[in-house]
């Protein structure tokens with residue numbers, strides 16, 4: 001059988017493209033998909049995030065029904081139909097995942113979390129190295145081979161889901177086409193049109209607050225909002241002198257940026273002697289904030305916080321997923337049990353005094 005015209009064009013592009021990526025780490029393009037049967041957690045029934053390496057560039061859920069860019073990728077000079085195509089493809093995957101969840105519920109008692117990690121990276125010759133693995137309730141149970149068009153695995157549930165999807169018209173062909181053709185096309189497109197986004201730098205805005213602690217102490221919370229890249233260094237100052245970095249944590253926002261906070265226990269009544277300072281790639285010099293005095297970087301902090309209320313500021317699995325993607329683990333499976341369920345909610349473990357209020361993690365409309 002002859003190769004289709006799009007396939008010929010892609011092959012020529014992969015051959016003719018200068019080998020400029022060879023000297024640098026090759027970024028994978030990955031989609032993390034998840035569907036749940038138990039909606040009591042307040043999560044959507046289906047959601048997806050798209051990643052270029054450890055940088056999130058896309059979000060989608062069944063409530064909004066549109067694929068949206070994240071972070072600096074909002075300004076990527078994409079072709080006009082690109083996000084419509086992403087939306088169409090993710091709606092198809094949403095249908096497959098939700099049908100699988102319903103079928104599992106009908107045949108097996110229990111609740112289910114079905115996840116997929118689909119994507120590709122470019123081999124040294126710029127051909128596609130596809131990934132298509134699936135997990136059920138936090139454990140890998142199935143793989144898809146795009147060259148044979150088969151879903152396979154050792155679990156009984158593999159037969160249930162795999163046979164269901166094999167019966168769907170064109171499902172295997174579309175999945176193979178996505179992994180071998182569409183995915184490398186998109187990855188090349190992002191590298192060509194949005195290469196500068198990989199060097200995106202967004203400076204943080206900050207605030208420092210205090211709350212009562214135990215045994216006559218106070219707890220200072222230094223929070224940094226809406227910054228990228230995620231590496232950020234905290235420092236507490238007492239009367240202008242370094243007084244430690246506190247206990248620090250970092251997590252992703254749903255818009256591709258990050259938030260972080262650090263906690264320091266001090267003597268009650270001593271709070272106003274302290275300042276908080278951060279160092280970040282997006283800042284020309286360290287940014288320092290006094291207690292209860294919002295600092296300004298390149299954008300007023302009020303605008304940053306208000307903006308957080310208007311965008312999707314938390315993606316399901318955000319904290320745990322980002323940490324696993326960044327650490328290079330093979331699959332960011334979430335079990336939706338124990339502590340994992342907390343990582344699926346807005347803002348991770350951001351302290352209440354540092355978190356913008358009134359945020360809906362999955363708004364149905366923009």
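Residue numbering: from 1, along the chain as shown.
The backbone N, Cα and C atoms fix where each Cβ goes, and this holds for glycine too.
Per Swiss-Prot, the feature signal peptide maps to 1-22.
What Swiss-Prot records for 23-111 is region 'Alpha-1'. Here the region 'Alpha-1' (23-111) has a mean pLDDT of 88 out of 100.
Taken from Swiss-Prot, the feature topological domain 'Extracellular' applies to 23-298, supported by sequence analysis.
The feature region 'Alpha-2' is assigned by Swiss-Prot to 112-201, with experimental evidence given as support. The DSSP breakdown of the region 'Alpha-2' (112-201), given as helix, strand and coil counts, is 39 helix, 29 strand, 22 coil.
Residues or ranges marked as disulfide bond by Swiss-Prot: 120-183 (among others). All protein chains included, residue 120 (disulfide bond) registers 25 other Cβ atoms within 10 Å of its own Cβ.
Taken from Swiss-Prot, the feature region 'Alpha-3' covers 202-291.
Marked as domain 'Ig-like C1-type' by Swiss-Prot: 203-290.
If you look up Swiss-Prot, you'll see 222-276 (among others) marked as disulfide bond. Taking Cβ-Cβ distances under 8 Å and a sequence separation of 6 or more, the neighbours of residue 276 (disulfide bond) in its chain are 206, 208, 220, 222, 234, 235, 236, 237, 262, 288, 289.
Among the features that Swiss-Prot reports, region 'Connecting peptide' is placed at 293-298.
The phosphoserine feature in Swiss-Prot is assigned to 335.
Annotation source Swiss-Prot lists region 'Disordered' at 344-366.
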